[in-house]
Amino acid sequence: MRSLLFLVLISICWAEPHPNNSSLEHEGIIHIQEENGPRLLVVAEQTKVFTHRGGNVTLPCKFYHEHTSTAGSGTHKIRVKWTKLTSDYLKEVDVFVAMGHHRKSYGNYQGRVFLKESSENDASLVITDIMLEDYGRYKCEVIEGLEDDTAVVALDLEGVVFPYSPRLGRYNLNFREAQQACRGQDAIIAAFDQLYEAWRAGLDWCNAGWLSDGSVQYPITKPREPCGGRNTVPGVRNYGFWDKERSRYDVFCFTSNFNGRFYYLIHPTKLTYDEAVQACLKDGAQIAKVGQIFAAWKLLGYDRCDAGWLADGSVRYPISRPRKRCSPNEAAVRFVGFPDKKHKLYGVYCFRAYN
């Protein structure tokens, strides 16, 4: 809101033409003076901030008045509100509100968020103990009286996107089941931006999977006949939005680093699935999840040529250094399959959480 005061002075001077004075002309002068009141401006010094799961991060936000050097006019109390934008931008999730000495945080953010307040115009939000679900775009809104302004900051997490389908086989998950499948593997359902970045890094997968906005897509870096044809342009192919209850696809999950140790258990014999679960427990750990083997492979460079059981009953092994007999053509988490749990024998990957 700005108040305007216009002062208009019109001075018109008329002169009779004078044959001996050609410099004398008709003259009309209009003087306009504009006086503006304070205009609230909200600024984010960075539009994107990177962090990792378990870390702390500051989402920058400061407010100013365009025509004054002070943070606030002193007439009204400053209200700061942080919300998280949903993928379709139609809804916002409350995160934190502050006005004077009053502070309130919401949902999973309770006890993890506060204002930095390094200066009187600092509305930056500090988030501690970052969760996978914290990924996304946040809006900082500052309100003073009838004036308000906003800024948006994206919070990005270091991590890895991986395709997932359950033991039942491909295209067996509706959207809700896809979300649960990712959570069960120490991950969340991936956002389009995360899948796009994974595609840029080389992810190529022909099976379509759910994303967090309810769309179904898949990344192609090497066009080929079973995946849209040889003349397909490389990219993230979009199937569009489907019925979340009735439609069934695979899912793309996202996970970040973990607070613990991922390792292959050295054991004198190969194990059935149940024996593998017990062997990890006996070692003070739990059988590892799919998200944990992907995080160890991508973020820690974990490399092991031994196939091992994971918690979902699948058998996989991570290769960071391609070599003969161990994924010679590419670095990848190799998928063996879902073997018979009672009769097939493999090693096991375990995960021990840090306290």
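Note that Cβ sites are derived from N, Cα and C of the backbone, with glycine treated the same way.
What TrEMBL says about this protein:
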- CYS206-CYS227: disulfide bond (DISULFID)
- CYS305-CYS326: disulfide bond (DISULFID)
- 38-153: domain 'Ig-like' (DOMAIN)
- 160-255: domain 'Link' (DOMAIN)
- 260-352: domain 'Link' (DOMAIN)
- 1-15: signal peptide (SIGNAL)
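On the structure: features taken from TrEMBL.
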residue: CYS206; record: disulfide bond; CB count, 10 Å: 15
residue: CYS227; record: disulfide bond; CB count, 10 Å: 17
residue: CYS305; record: disulfide bond; CB count, 10 Å: 14
residue: CYS326; record: disulfide bond; CB count, 10 Å: 14
Checklist outcome for this item: Averaging pLDDT over all residues of the domain 'Ig-like' (38-153) gives 90
Checklist entry - Roughly how many angstrom lie between the C-alpha atoms of CYS326 (disulfide bond) and CYS227 (disulfide bond)? => result 26
Next on the checklist: If I take the alpha carbons of CYS206 (disulfide bond) and CYS305 (disulfide bond), what is the distance between them in whole Å?
Outcome noted: 25
Checklist entry - Just the number: how many Å between the Cα atoms of CYS227 (disulfide bond) and CYS305 (disulfide bond)? => result 29
Checklist outcome for this item: Residues in the domain 'Link' (260-352) per DSSP class, helix first, strand next, coil last, are 21 helix, 30 strand, 42 coil
